[in-house]
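One structure is given below, encoded as structure tokens.
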Amino acid sequence: MSTTTVEELAEVTAPEPFWTRQRRLGLALILLGVVGAVLFGSLAPSKDARFTLTEDAAGAALSINGQFGAVLFGVLTLVAGGALIAGVAKRWSNALLAAGIVTFVLSFLCWQVAGQFMALEDTLGGTMDLALPLILGALAGVLGERSGVVNVAIEGQFLMGAFAGALVGTMAGSVWAGLISAAVGGVIIAAILAVLSIRYLVDQTVVGIVLNLFALGITGFLYERLMQPDAAGYNTPPQMPSWRIPGLADIPVLGPVFFDATLLLWVALILVVVIHFALNRTRWGLRTRAVGEHPTAADTVGIRVRGLRYLNVLLGGVVAGLGGAYFTLVATGSFTKNMTAGAGFIALAALIFGRYTPIGAFGAALFFGFAQKLSFYLSAIGSPVPNQFLSMLPYLATIIAVAGLVGRVRAPAADGLPYVKN
Amino acid sequence: MANNHIDITVEPGEVHALLGENGAGKSTLMNQLYGLLQPDEGEIVVNDEPKVFRSPRDAIAAGIGMVHQHFMLVPVFTVAENIALGAEETRGGPLGWLDRRRARRDVLETSKRFGLPVDPDALIEDLPVGAQQRVEIVKALTRDVDLLILDEPTAVLTPQETDELLAVMRSLTEMGKSIVFITHKLKEVKKIADRITVIRRGQVVGTATPDTSEDELAALMVGRAVSLEVDKSPAEPGSVVLQVAGLVVDDDRGVRAVDGVDLEVRAGEVLGIAGVQGNGQTELVEAVMGLREVRAGKVELDSEDLAGKSTKRILRAGVGYVPEDRSHDGVVKEFTVAENLILDLYDREPFGNAFRLDRAKIDGNAKHRVEQFDIRCQSPESTAGSLSGGNQQKVVIAREMSRPLRLFIASQPTRGVDVGSIEFIHRRIIRERDQGTAVLVVSSELDEVVGLADRIAVMYRGRILAIVSPDTPREEIGLLMAGITGAPAEEEGTK
């Protein structure tokens, strides 16, 4: 009866430091809010900023005086930041952070769009277009990294996929042959990555970088020697058709974006859902996560660690290769040297920003896609912000997102570590 | 060669102890039995049938289960997920959904049948080590094993948890299961084993029964007579050298690990810190050494403030430090013994200056230390990684004791060290004390703390629960290690 356990004794003594992560983010939002309300507000002309549904500039969904809007949304950002500093329950902090960022973007838009209009359909469509390869690339990363293999070769897989899709698509005269070849192109890079990092234990980051350079070199070489001299024979792949679903396609804004779209968009969206559930709810998923977290534990219960890693990296190659197909079979209609221009690295950032989860990676890819779309839009309407700065926007957003917003992302514990018995 | 023609037989329903020092080849032997390693020669016979185990999958199929010294549990998974892993039930074929309800039910059933309480929904990383070990045992039992291998299962347990584990082992054998109990702890072997096989340098050197005396077992294990007691005269404590007050330190995850610790160590005494691993001892020592941020409180060496000082300044103020993770923090494995011996003084005369190293002086120093500290190596030019654990530790101790010290801190000084080296290291620590140095020893081996310390501080969940004399009964210290303070109750039932 006289025994007591320590838990029943006094509680923690030392105080929490005042500048928690939440408060630091709050402070950042307040600074952004000031920029929005004061700077954007004073720069914005006092004209209406109109956000319309479609390109024809009719039927504004929202019309607001640019100056008033910039100040209003800037103040809202301030309020969100203030709430974070004042201290709110933890479950609200992410929502407030998101609200703060959205209102800041709106404040910026009110300044930019004042006197002009922004079509939501075009914005959403462009965002989805630009995000599409990022979604597939990040999913490829999820497959590899959750099983413990770091994949920085997404860029190389994109390039090989784009190249193979264009070449075979043109030669076979079939977009589907192109699509399959693109997947094969991704798998080739994935197979080299897998063998070198799983079998020969080479540093995975180094292998990834080398593979990116390899893909850039070989596709660039073949492009110059093969495709450029005879573009009609090798570099005019048929384009993936858009499938219009009657009825659904008439829904405003969403209809044209999602229901008058290529198969690839649907593949990407379905893969997000499928991989999410498969990772969390199936035997394959449980084993994949176990192998990524604690391969020795998996081995001792009879799971073939290396075999599973091979499988996942190769599956990732298929997905990333399809992402590469987007560039030649959907977006542009021909292959050019280094046409992916770092999209693979942004996909990698989306993977980390999305905390190595399919849903998170999807959200992050949309965010980066939007940043890119915004830079195109702003230069199209002749924004006073210098063009160079606008083309920086997606990368800037990437850096801020990965460095500042996510905090410490916990990667799978055995990510990047080859599995060697004893 | 880790194993050389070993023969071992385990009968149904017996606890067969495999006794041997660290590095004697016990784990290697058992990893072959569990399919993790393949033998070059010899065979494994299960129930009169010769078997070949290419992977743990085969061993599990033959009814063999193993609880590894380092738990094979995925920290971010739940108990049920860990137990199901590798033998998952699914609905709708191998690609179907996991049957989570069935996984939970299986866990609860096994847990109830064998009297091993586990919560199927808890995350492994939230569980104390004792509970994690139960999960490991349940994991093996759900796979219907006849033979359970326990590799150093008591290394991480409090004395009470150890007793509980021994009781569980007893009841398992009563149900007809056989157990191989790998350990180097003589007391436990005598308590539980039906038969004992002693292994030294990869060979069976003898078999024994539980009534063999501890001294005989130790001699068999080491190959010569050893003294298990630490010889020492009463301490003559002088003035306070290290004073720690109100110390607060966070661990790597930012969770409070040391939560207001006060202690002082006097010149010429050994203060031992006892406690189950993971109760803040590591963080406490690292904070004193300037390796970890001091959140609050003070750390003073002869009234000089150490908090916030760099580790280099602290070492040069006259502190010697033996880190707990020898191979990561104690030696640079790729460096030679000679280089490892001057890691602290490489930029100082006589060994070197800002621009160069004096090889001749470094080699001379190494020869001298190797002799003085009985470091067994081919030459001072051998890499530290090629030495045995005990000799690596002697390199660390030789280096740290080669400076004039006011305070000597040793964390787990004999972990993974052979018995011969343990004797030597203990004698050295006591000699340092007798020269008037204040000594702080942290160890999760209660025997070691009791043997070395003049006063024992018991640490639990980041606090010092009590400071007791080494004459205090083991049971009392054990209860403190489990966080139970006050007068121990008469009937200390564990249920």
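A Cβ is built for glycine as well, from the same backbone N, Cα and C atoms used for every other residue.
Bear in mind that the values here come from a model prediction, so they are computed numbers and not experimental data.
As written in TrEMBL, here are the features:
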- A:25-44: transmembrane segment (TRANSMEM)
- A:64-88: transmembrane segment (TRANSMEM)
- A:95-114: transmembrane segment (TRANSMEM)
- A:126-143: transmembrane segment (TRANSMEM)
- A:150-169: transmembrane segment (TRANSMEM)
- A:175-198: transmembrane segment (TRANSMEM)
- A:205-223: transmembrane segment (TRANSMEM)
- A:257-279: transmembrane segment (TRANSMEM)
- A:310-329: transmembrane segment (TRANSMEM)
- A:392-411: transmembrane segment (TRANSMEM)
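As a quick check, the transmembrane segment (A:126-143) and the transmembrane segment (A:205-223) miss the bar of 3 or more Cβ pairs under 8 A, pairs 6 or more apart, so the two do not touch.
Counted over residue pairs separated by six or more positions, the transmembrane segment (A:205-223) shares at least 3 Cβ pairs under 8 angstroms with the transmembrane segment (A:150-169), which defines the two as touching. Contact between the transmembrane segment (A:95-114) and the transmembrane segment (A:25-44) holds: at least three of their C-beta pairs are under 8 Å, each pair 6 or more apart in sequence. Here the transmembrane segment (A:25-44) has Cβ contacts under 8 Å with residues 66-67, 69-71, 73-85, 93, 97, 100-101, 103-104, 107-108, 110-111, 114, 384, 404-405 of the same chain, all six or more residues outside its ends.
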